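Worksheet: one structure, shown below.
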Amino acid sequence: MTQANRVIIFDTTLRDGEQSPGAAMTKEEKIRVARQLEKLGVDIIEAGFAAASPGDFEAVNAIAKTITKSTVCSLSRAIERDIRQAGEAVAPAPKKRIHTFIATSPIHMEYKLKMKPKQVIEAAVKAVKIAREYTDDVEFSCEDALRSEIDFLAEICGAVIEAGATTINIPDTVGYSIPYKTEEFFRELIVKTPNGGKVVWSAHCHNDLGLAVANSLAALKGGARQVECTVNGLGERAGNASVEEIVMALKVRHDLFGLETGIDTTQIVPSSKLVSTITGYPVQPNKAIVGANAFSHESGIHQDGVLKHRETYEIMSAESVGWATNRLSLGKLSGRNAFKTKLADLGIELESEEALNAAFARFKELADKKREIFDEDLHALVSDEMGSMNAESYKFISQKISTETGEEPRADIVFSIKGEEKRASATGSGPVDAIFKAIESVAQSGATLQIYSVNAVTQGTESQGETSVRLARGNRVVNGQGADTDVLVATAKAYLSALSKLEFSAAKPKAQGSGTI
């Protein structure tokens with residue numbers, strides 16, 4: 001592998017991915033995701049937007065203190081205050097980057113920035129010079145680049161390269177481009193930019209037309225050597241380019257691209273499951289690479305072919321991306337050491353003995369209810385327990401549901417708010433409605449339920465149900481998750497989890513105009 005054919009994987013799940021409605025994560029959840037991304041082998045972890053809020057600063061700083069192999073990066077507007085906060089946040093990281101940006105399209109410069117092109121160049125150069133005071137690794141992004149005039153882009157990119165930028169990122173901020181245009185754009189821009197051969201060129205594509213991955217691959221054909229992407233394609237609006245799809249496209253079609261990454265592809269599925277569970281965004285079954293049906297064959301002809309020779313209908317193996325062939329994990333007789341070892345095999349790290357003991361206690365409870373415990377059960381169980389430990393405001397204790405044909409169901413629920421036990425009862429049009437009404441009779445959150453969904457964690461009637469609840473209040477949207485073999489218990493846990501996150505998000509206001517690329 002040479003530098004010329006090595007693709008840098010820049011993961012922005014913790015920054016751009018978190019901008020999905022309701023996907024906000026706590027500091028502890030971000031650290032868990034960052035650790036998994038490091039195991040996955042991503043080169044750059046964009047840990048957040050340090051200047052957006054004190055909570056964001058703390059999360060970026062905590063990740064910078066935790067990660068040792070990947071580069072830790074913070075996004076920053078081309079504003080001195082933002083850049084200095086980013087520099088301070090990533091300071092503890094052995095490898096650090098500041099990623100600063102400013103809009104360059106005519107419509108953004110005129111209506112959003114209200115700046116002339118010359119002023120934009122001056123601001124960009126100043127930003128890069130300040131960032132270089134903190135690190136030699138500085139990335140500059142031209143927001144809305146694919147709708148910018150290419151001659152102006154070449155001018156501003158040349159100026160920031162001279163000022164010390166080492167990576168130039170060209171975002172398709174609104175997902176407007178199409179692949180052949182993207183490839184042409186990169187080829188022309190790299191040639192036109194003064195000293196364009198001295199930096200790494202990067203693509204950051206959004207999925208508004210469903211072309212984020214295709215455009216990212218086209219950018220690589222056009223000369224880019226970094227792609228910015230997220231696990232499961234998570235991101236605002238239609239999402240971002242999916243890291244798993246880009247990586248596997250480069251691996252499976254190495255004959256066409258001749259490019260390499262440093263990704264451990266067997267960590268793709270564990271990464272997908274962790275991000276899905278923490279954010280409350282389920283992976284669609286037919287999602288490429290990580291969907292539950294990605295390696296399923298229903299056609300008899302296909303099944304026969306796969307049994308005779310897998311490559312007849314499979315262009316990659318399920319094992320190569322982290323799907324286990326034997327997912328049966330543990331049983332009721334399994335001990336604490338076996339449990340701990342299995343979690344490590346799954347890439348799950350618990351921060352303390354207290355957390356391990358709590359998760360093991362939950363495992364034993366589950367083992368009494370469910371004869372066979374699979375990897376997916378452990379992911380759901382640990383995420384549910386960690387959420388319970390970290391979200392201190394609202395905690396589930398117990399509940400009783402009474403239903404009879406022709407009568408309204410009744411929910412009697414016991415939960416705690418900041419350690420104080422509460423009891424509530426309510427009837428509803430169904431048991432779920434009764435649970436939510438009972439909780440709200442005490443919580444009085446004023447939130448609106450946007451989404452309620454239940455997914456079976458594994459196959460079979462004994463499966464755990466993983467429940468997601470999305471609540472909205474004002475301009476705040478949060479997702480809550482719960483898991484249990486009793487889906488009504490999982491439902492109550494998910495609602496209480498969402499209430500805790502709603503309170504958490506209210507306590508960490510974002511900076512005005514923090515922006516995105």
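Every residue gets a Cβ built from N, Cα and C, even glycine.
Quantities reported herein were computed from a predicted structural model and do not represent experimental measurements.
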Per Swiss-Prot, His204, His206, Asn240 bind Mn(2+); matching candidate in Asp11, Asp16, Asp433, Asp484: Asp16
Winner by Cβ contact number (other Cβ atoms within 10 Å) across the binding-site residues His204, His206: His204
Least surrounded among the binding-site residues, given as Asp16, Asn240, when other CB atoms within 10 Å are counted: Asp16
For His206 (Mn(2+) binding site), the three-state class that DSSP assigns: strand
Reduced DSSP assignment, Asn240 (Mn(2+) binding site): strand
